[in-house]
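Asker: Pulled from TrEMBL, these are the listed features:
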TRANSMEM  81-102  transmembrane segment
TRANSMEM  130-151  transmembrane segment
TRANSMEM  181-198  transmembrane segment
TRANSMEM  242-264  transmembrane segment
TRANSMEM  276-299  transmembrane segment
TRANSMEM  331-353  transmembrane segment
TRANSMEM  368-388  transmembrane segment
TRANSMEM  442-461  transmembrane segment
TRANSMEM  467-489  transmembrane segment
TRANSMEM  501-525  transmembrane segment
TRANSMEM  531-552  transmembrane segment
DOMAIN    696-754  domain 'CBS'
Amino acid sequence: QLAPSSFLRIGQLSNVDLNEDIRELETELPRQHPNEIPHNEKLLSLKYESLDYDNSENQLFLEEERRINHTAFRTVEIKRWVICAMIGILTGLVACFIDIVVENLAGLKYRVVKGNIDKFTEKGGLSFSLLLWATLNASVVMVGSVIVAFIEPVAAGSGIPQIKCYLNGVKIPHVVRLKTLVIKVCGVILSVVGGLAVGKEGPMIHSGAVIAAGISQGRSTSLKRDFKIFEYFRRDTEKRDFVSAGAAAGVSAAFGAPVGGVLFSLEEGASFWNQFLTWRIFFASMISTFTLNSVLSVYHGNAWDLSSPGLINFGRFDNEKMGYTIQEIPIFIFMGVVGGILGALFNALNYWLTMFRIRYIHRPCLQVVEAMLVAAVTATVGFVMIYCSRDCQPIQGSSVAYPLQLFCADGEYNSMATAFFNTPEKSVVNLFHDPPGSYNPMTLGMFTLMYFFLACWTYGLTVSAGVFIPSLLIGAAWGRLFGISLSYLTKGSIWADPGKYALMGAAAQLGGIVRMTLSLTVIMMEATGNVTYGFPIMLVLMTAKIVGDYFVEGLYDMHIQLQSVPFLHWEAPVTSHSLTAREVMSTPVTCLRRIERVGTVVDILSDTSSNHNGFPVVESNPDATQVAGLRGLILRSQLIVLLKHKVFVERANLSLVQRRLKLKDFRDAYPRFPPIQSIHVSQDERECMIDLSEFMNPSPYTVPQEASLPRVFKLFRALGLRHLVVVDNRNEVVGMVTRKDLARYRLGKEGLEELSLAQT
């Protein structure tokens with residue numbers, strides 16, 4: 001085991017403080033940083049808690065629900081729709097903000113560098129231009145990396161693995177805070193402007209989720225402001241449903257794909273699903289695309305024209321020249337295979353790189369230096385490639401934003417520069433739509449090779465950045481190359497239009513890296529505005545997923561596993577029928593009696609060795625004739641609220657308690673319940689008794705100890721439980737099943753393997 005101060009910097013997702021108290025202790029201890037952190041991917045971290053997705057149906061809850069009449073339920077339903085509309089509007093506005101700022105800053109940077117290059121091309125001394133470009137990139141990325149590494153490390157990366165974990169029911173600290181949103185938005189703007197091989201689409205999903213979590217609570221814990229609205233939604237059940245709507249709104253703002261957004265949050269995220277939720281999520285996605293359209297149309301000067309959905313618009317593919325015939329189907333399937341293999345290679349390289357980063361680059365200052373290094377290298381590679389490329393194309397009739405002339409004749413531009421000297425989004429659109437003959441095969445081949453390694457190195461840096469656009473760009477480049485070589489082979493027959501193959505290559509590469517099928521097909525169809533390609537895109541993505549899964553798992557799942565998060569998949573491992581609940585459960589269980597001494601409760605909660613969050617409540621009988629059967633389940637957070645308000649039996653008899661505790665007291669303490677150390681209990685109060693009957697959940701889910709693991713898993717996963725009590729035939733508590741007990745079992749190469757648990 002490691003010293004407690006050294007486990008704060010393990011990995012990117014996981015360098016979060018356990019709670020605010022440890023942070024105060026941390027500042028007093030000098031930070032000893034080991035040079036190498038031993039990290040083993042065969043571990044599960046114990047510092048991630050589950051969400052209480054299952055409502056605690058105690059007496060307070062039941063009384064409140066019985067008081068609410070039919071009209072009140074209708075207002076709650078209306079409030080849900082209002083929240084979804086607000087999520088959509090705000091996510092759309094954030095997307096607009098990111099888009100407009102990136103466009104202006106990147107435009108400014110490229111104009112400065114272009115002017116500099118044009119000036120020095122005539123009189124020599126181009127190395128100054130290279131220095132200028134690299135310095136600009138590195139300094140912008142430095143700012144973007146410093147705010148992430150030193151202020152909010154959870155904002156690193158694309159945020160999709162974190163949101164996946166959240167919707168799976170794992171509470172990742174700080175993931176839906178306002179601070180995370182601000183750092184995320186600023187960080188993504190800076191890293192795209194800094195010319196890294198990243199996209200701004202992945203972080204939009206995280207931003208949407210944070211916005212949703214914030215709005216649905218009607219208050220901000222970071223700003224200490226409570227607006228006294230939406231108090232009914234202050235619990236994990238409601239919050240998680242709104243977060244899935246926010247993630248969908250983020251996808252639909254990023255790609256202009258509302259249906260794709262809904263399918264994304266269905267495929268990647270939510271474990272629990274119902275029809276009403278689908279409809280509300282779709283509503284939020286539509287509103288977000290609509291907001292983005294209206295604002296951007298006003299910004300681009302053609303108000304009321306709503307035809308530019310999404311941050312990335314692949315342009316329309318027209319059907320005349322872009323049809324496909326039956327003999328191209330095998331070609332598409334072959335492209336899928338290539339995409340799967342390249343995606344698996346990308347993931348394997350990134351896996352080793354991430355292991356190296358977790359072990360050696362765990363200090364924030366080192367992380368910032370690495371980000372600056374990558375930025376400078378990216379600029380240098382781009383410059384050298386443009387400098388060495390002799391691929392000149394005529395300027396007229398082409399739609400290049402910043403044509404670099406360099407050593408080409410007048411009236412021509414360097415075609416390598418359209419790929420490197422541009423934001424990745426624009427480069428993708430150019431590769432899709434430039435007319436045949438705009439690129440030299442050599443240019444495309446070199447670009448693919450370089451960009452592949454750059455993108456692989458960039459993902460997992462301490463900057464907030466997505467992997468969607470770089471993968472699309474790599475795929476579009478080799479797809480176009482493939483199309484060009486096809487028309488060479490077939491002597492230029494019409495069906496080998498390179499743009500079409502660029503689209504298929506992009507789909508294959510992205511599918512091979514992230515392994516999404518359903519949502520990605522729909523996103524690609526909606527982003528290109530073309531249903532004709534539904535079938536080929538689906539074929540390509542299916543092939544890429546099957547081939548890639550044969551080698552290594554998807555990028556997001558891999559990062560979740562590297563952070564040792566107890567993630568529950570859809571099904572239990574196939575070979576796990578031999579295990580029963582008795583072998584899986586944790587024992588011994590800390591139980592509380594129904595009427596318990598306050599001192600006992602405080603001692604149990606303060607015991608750091610057993611950091612339990614749910615305690616079975618058993619019958620408190622002195623005589624040994626009866627069985628101490630299970631009576632209910634109470635959560636740590638509820639006990640803390642009871643101690644804070646000093647709800648003791650003696651005080652109730654003396655009528656010292658001003659009023660009965662209401663559900664509102666529990667909701668006001670959510671989500672940051674105070675730690676037990678902050679609650680002072682005097683010596684006299686320790687002798688008091690505390691009655692748990694009306695606060696405990698009297699009907700917790702239980703399983704007999706003979707139940708098989710798949711059965712326990714199904715119950716746990718489908719209901720989104722946090723604690724599942726295991727009882728024997730006399731209804732006595734024998735064990736507890738929590739998320740970690742189920743996530744321990746994983747299918748490895750040799751069959752079922754069990755992971756060990758670690759405190760890190």
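Keep in mind that glycine also has a Cβ here, set from the backbone N, Cα and C atoms.
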Asker: If we skip the immediate neighbours and take only residues 6+ beyond the ends of the transmembrane segment (467-489), which ones have a Cβ under 8 Å from one of its Cβ atoms?
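Answerer: Here the qualifying positions are 158, 197-202, 254, 312, 331, 335, 338-339, 342-343, 346, 419, 424-425, 427-428, 431-432, 436, 439, 441, 444-445, 447-448, 451-452, 455, 458-459, 496-510, 513-514, 555.
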Asker: If you count every Cβ pair below 8 Å, which range out of 81-102, 442-461, 501-525 shares the most with the transmembrane segment (368-388)?
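Answerer: The listed stretch sharing the most Cβ pairs with the transmembrane segment (368-388) is 442-461.
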Asker: Who are the chain neighbours of the transmembrane segment (181-198) in space, where the CB to CB distance is under 8 Å and they lie at least 6 residues beyond its ends?
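Answerer: Those are 94, 97-98, 101-102, 105-106, 109, 133, 136-138, 140-141, 143-145, 147-148, 151-152, 155, 159, 206-207, 210-211, 214, 374-375, 378-379, 382, 423-424, 451, 454-455, 458-459, 461, 463-467, 469-470, 473, in sequence order.
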Asker: Let me spell it out: take the transmembrane segment (242-264), skip the flanking residues so only those 6+ beyond its ends count, and list any with a Cβ under 8 Å from a Cβ in it.
Answerer: 83-84, 87-88, 91-92, 94-95, 163, 166-167, 176, 200-202, 204-213, 215-216, 233, 270, 277-278, 280-282, 284-289, 291-293, 308-313, 468, 516, 518-520, 522-523, 525-527
Asker: Is it true that the transmembrane segment (331-353) and the transmembrane segment (81-102) have 3 or more Cβ pairs under 8 Å, skipping pairs fewer than 6 apart in sequence?
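Answerer: With fewer than 3 qualifying Cβ pairs, these stretches do not touch.
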Asker: Which residue counts does DSSP yield for the domain 'CBS' (696-754) in the helix, strand and coil classes, in that order?
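Answerer: The composition, in the requested order, is 16 helix, 22 strand, 21 coil.
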Asker: Checking distant contacts: for the transmembrane segment (531-552), what same-chain residues at least six beyond its ends satisfy Cβ-Cβ under 8 A?
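Answerer: Sequence-remote neighbours of the transmembrane segment (531-552) are 317, 319, 322-324, 328-329, 332-333, 335-337, 339-341, 343-344, 347-348, 351, 503-504, 507-509, 511-513, 515-517, 520-521, 524-525, 558.
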Asker: With the transmembrane segment (276-299) as the reference, find which of 81-102, 130-151, 442-461 contributes the most Cβ pairs under 8 Å.
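Answerer: Looking only at 81-102, 130-151, 442-461, the most contacts with the transmembrane segment (276-299) come from 81-102.
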Asker: Restricting to the domain 'CBS' (696-754), what is the model's mean pLDDT?
Answerer: 87
Asker: Other than its close neighbours in sequence, what residues sit by the transmembrane segment (81-102), given a CB gap under 8 Å and a spacing of at least six beyond its ends?
Answerer: 185, 188-189, 192-193, 200, 204, 207-208, 211-212, 215-216, 230, 233, 242, 245-246, 249-250, 253-254, 280-281, 283-292, 295-296, 299, 311, 423
